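Notes for the one structure printed next.
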Amino acid sequence: MAESVELPSRLAILPFRNKVLLPGAIIRIRCTSPSSVKLVEQELWQREEKGLIGILPVRDSAESATSGTAVSSGMGGETSDSHKLDSKNQQEVIHWHDRGVAARALHLSRGVEKPSGRVTYIVVLEGLCRFNVQELSTRGTYYTARITSLDMTKGELELIEQDQEFVALSRQFKATAMELISILEQKQKTGGRTKVLLETVPVHKLADIFVASFEISFEEQLSMLDSVDVKVRLSKATELVDRHLQSIRVAEKITQKVEGQLSKSQKEFLLRQQMKAIKEELGDNDDEEDDLVALERKMQGAGMPASIWKHALRELRRLKKMQPQQPGYNSSRVYLELLADLPWEKASPELELDLKAAKERLDADHYGLLKVKQRIIEYLAVRKLKPDARGPVLCFVGPPGVGKTSLASSIAAALGRKFIRISLGGVKDEADIRGHRRTYIGSMPGRLVDGLKRVGVHNPVMLLDEIDKTGSDVRGDPASALLEVLDPEQNKTFNDHYLNVPFDLSKVIFVATANRMQPIPPPLLDRMEVIELPGYTPEEKLKIAIRHLIPRVLDQHGLSSDFLQIPEDMVKLVIQRYTREAGVRNLERNLAALARAAAVKVAEQEHLVPFAKDVQRLSSPLLDDKLAESAEVEMEVIPMGVNNHDISGAFRVASPMVVDEPMVEKVLGPPRYDDRETAERVANPGVSVGLVWTAFGGEVQFVEATAMVGKGDLHLTGQLGDVIKESAQIALTWVRARATELKLAISEETNLLEGRDIHIHFPAGAVPKDGPSAGVTLVTSLVSLFSKKRVRADTAMTGEMTLRGMVLPVGGVKDKVLAAHRYGIKRVILPERNLKDLVEVPATVLSSLEIILAKRVEDVLDQAFEGGCPWRQQSKL
C-alpha cells in the first residue's frame, strides 16, 4: 500500500480526461502523444529512481494525449474552479481541476519505435496522496504545477482517531465493507486478501481503495477526490459501499429467480449425464450416440434419391450437434425417422396378372355389378400389357353398402399389391393432404405420406374414401390439394409441407369412392373416371346374403350352420319387410341380430360350458347330459391351439336352430315396411307416388295435396328447396290453364282457386328435399285433387315438366327404377328421353316392371289413373 511521502513543491502534470485517480488505486496508461511521451521520458524513464508525477483530472482535452484505464472505472463529484491555459501547441482551452493525486510509477515499458519515429510508453501508476494546485505552467510540451500536499500529518491523524464521530463512521464503514466482502467471497472466492486489507490498512485510506473499485460517475469520483476531511470521506464511502451492496443483492435475487426457472432443465441435463456415465460403466451401448448411429444406418438403407439424401445428411449433422434436452431435438429426430421410414425404393413385387383368377376373385367377393367388374378387368388387362401405364383414377360412386370399398380391396388383391385406405370424410384442412410446415408446434405429415409410411411400399393401391365429403374453410381446400395428387403429370414430385422434399406418387394406384358426384369440384372430377354402382335388387340381396353375409355373420358370432340356419324364405322376409335400402348394411345388421339371439340360447345350454383349450378329452357328465336329452351327438376332439377355434366347432348337434317367422318378429320387432303401404297412402284423391334420388339411392316419395277455404294461396311444406317450390308453382299454373280441357272447370273464366287455398305436402318433413324431377308427380296430385279421382296404387312416376306441358328427362333413373322395384311398384312412368338410361337397369328388374314413356304431361295423366283419363282433350298449344 502507499505510505506517507513527502511531495516536492512542483510536479510534472499528466492530464486524466474525464477520469479520476484516487489514492491507493492503480492505473495503467498508454502514452502516445508527443507531450505525454516527452513527460515520461524526462520525468520517469531517464531517472534512475522512478520519480513522481501528478495526475490531474480534466473535463475536455484537445490533446487526447493519454488515455488511461484505471483499475476502478469509477468517476466522481462536482467541479471546482478550473484553470484556463492557452498553449502555442493547442487551439482549445483545457479545463483543469484544482485538486489531483500524486502518483509513482510501478512499471514502465517502451514499445517498438515506428518508422515515423513515434514511440509508445505503457506506465503503471499508483496513487499516493491528494494535492492542491497552486500554479500551472508549461515545461516544453508538457505541464508542471506548484502544489501543496493535502495529506494529514501524524499528529492530525492521531487527533482525528480520538474523535467519537470518526470512530462511529469507521465502525459503520467497516461493517458495511465486511458485509460486502462476505458476499463477494461467496460469489468469487476472493475475499481473503480483501479482509486482510480491512484489518491492516487505515480506515481513511480504505475509503479511497473501496470507492476506486466501484463503477460510479465522474462527478461522484470528483466529489470523493475533493473530500479532504476524512469524516466526510468516510461518510461518502459508506454510502457508496452500501449502494453497491444493495445492487449486488438485487442482482443476486434476480439470478436466483432465473436459476429457479432453469433448474428443471439443468436437473434433466445432470440426470442425463449421470445416466450416460452409468451406462458407460455397465457397458450398455443403448445410448444416444448409438441411437443416432442406428438412425444414420437406417437412413443409408432407405434408398433416398441423391438430392434428398444430401438434405437428410445435413439435417443429421445438425441433430448430432444438439443436446437431447434442446427444444428442437425431438422434432428433428422425428423428421429424420420419417425420412428413413418412407418407402423411397421399396415396392410390392409385380406379379404376373392372371385375368381369369382376377375375375374369379371379383365374382367370389361381389355378386352382380357386371358392368363394374368388367371395367376393372379391362383396367387390369391394360396393366398386364403395359405395367408402367398411367391408368385413370377410378372413382366408384354409389349409395352406402353397395361394395365400393371392397372393390378397391379386390383390385389390390388381383394386382398383388398392398392396400391402404385414406378416409377423407369431414376433412377441411389442406394440411391433412399436404401436411403441416415444420415451423408449427405439433406439425405432422399429410395423410398420404403417413399412409405410405404405414404400408411400407411406394406402389400400393390407395383408396381415397368419401372424396365427396371434403370441405373447405380458412385453413384451405383439401379438394384443391388433391388435384396435384391425382394428376399423373404432377404427382411425380408431390411436395408435402412437412417433408419439404419431393416424393414420387406416380407408382401409387389411386381409387376413390363417393356417394354423390355433385359435391366434387369439376376440376377434381375431371381427373377421375366415374363408375356408378347402383343399388341391389331384392334377388341380388338374397344371393349376397346366402353367399357372403350369413357365413360372415355366423363366423363373427362364434356360430356355424350346425347351430343356426336361416332359410331363404326368412331372408326374403327380412329384405322385404325390414330393409329398404340400396346396399346391404341394414340387412347384415338384421342378420346379426338373429345370430346374437341364437348365440344367447346356445351359450345358455349347460352342455356348452367352456373348458380349457388344451383339453383333449370329453368329460363323462357332458355325455350323460346329452344322452339324457335323447339328442344325437357326434363327437370330434379338436386341439384348441393356434387356430383358436370356437367351442362350437368341437360339437355338431343334429338339431340346429332354424329361424322362422315368429323368431324374426320376436327379435326384429314388427315389420317396418308393408306392401300395402302404397295402396293405403293413395286411397284418397290428391295423393300421387313419385320417385326421387338421394345419396343413399333411389326412394319413393309420396306427394299429398288438399284444398281448404281460403284466398287462393299455395302452401308448401316438407323442407322443400327453391327448385321444388318452383316446380309446384309451375304444376299449379299448368293445371289452372288446362282446367277446362281436363273437365275440371265448366268454362275458361272459372277460377279453380276461387275461395280456397291449396296445400301440398311432401311427407318425411325432417328430410330436406329439392330438385325438378317431381314436376309430373305434382301435376298428377293436383289433377287427382280437383277431379276427386284416385291415382293408381301400382304406379310411380318421375320427370321434370315445362310450363307448356313437355316432360323433360331427369337423372338417377337407374336408382329410381330399383327403388320402385323394392317398394313393389308394378308400373313406372318415365320421360321418353330417358329410354337410353334403361340399358343400365338389370334385366330381372325390367322384366318385373311395366315401363311407360311419356312425352307430354297428358301422357302421364292418361297412364296415372285407372281406366285412363276420359276427360282429356287434345291440347290446343
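Any Cβ shown, glycine's included, is placed from N, Cα and C.
Whatever TrEMBL says is automated annotation, not expert-curated.
Feature annotation from TrEMBL assigns active site to Ser773, Lys816. Residues or ranges marked as ATP binding site by TrEMBL: Gly398, Pro399, Pro400, Gly401, Val402, Gly403, Lys404, Thr405. As annotated by TrEMBL, domain 'Lon N-terminal' applies to 11-245. According to TrEMBL, the domain 'Lon proteolytic' annotation covers 682-867. Residues or ranges marked as region 'Disordered' by TrEMBL: 64-84.
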CA pair Gly401 (ATP binding site) / Lys816 (active site), Å rounded to integer, equals 17
Taken over the domain 'Lon proteolytic' (682-867), the model's mean pLDDT: 87
In the chain carrying Gly398 (ATP binding site), residues 6 or more apart in sequence that have Cβ under 8 angstroms from it: Lys404, Asn515, Glu532, Leu533, Pro534, Gly535, Ala582, Gly697
If you count other C-beta atoms within 10 angstroms, which of the recorded positions Lys404, Lys816 is the most crowded? Lys816
Using C-alpha atoms only, work out the spacing between Pro400 (ATP binding site) and Lys816 (active site) and round it to an integer in Å. 16
Please work out which residue of Thr405, Ser773 has the most C-beta neighbours within 10 angstroms of its C-beta, and give that one of the recorded positions. Ser773
List the Cα distance (Å, whole number) between Lys816 (active site) and Ser773 (active site). 11
May I ask for the distance between Ser773 (active site) and Gly403 (ATP binding site), taken between their Cα atoms and rounded to an integer number of Å? 28
Same-chain residues at least 6 positions away from Pro399 (ATP binding site) with a Cβ under 8 Å from its Cβ, in sequence order, are Asn515, Leu533, Gly535, Glu581, Ala582, Gly583, Thr694, Ala695, Phe696, Gly697, Asp815
Quick one: give me the count of other CB atoms within 10 A of the CB of Pro400 (ATP binding site). 18
Using Cβ-Cβ distances, find the residues under 8 Å from Val402 (ATP binding site) that belong to the same chain and are at least 6 apart in sequence, listing them in sequence order. Leu369, Leu533, Pro534, Gly535, Tyr536, Ala582, Gly583, Val584
Who sits close to Gly403 (ATP binding site): which same-chain residues at least 6 apart have their Cβ under 8 Å from its Cβ? His366, Leu369, Leu533, Gly583
Determine which residues of the same chain, besides Gly398, Pro399, Pro400, Gly401, Val402, Gly403, Lys404, Thr405, have their CB within 8 A of the center of the CB atoms at the recorded ATP site, and list them by sequence. Phe396, Thr513, Leu533, Ala582, Gly583
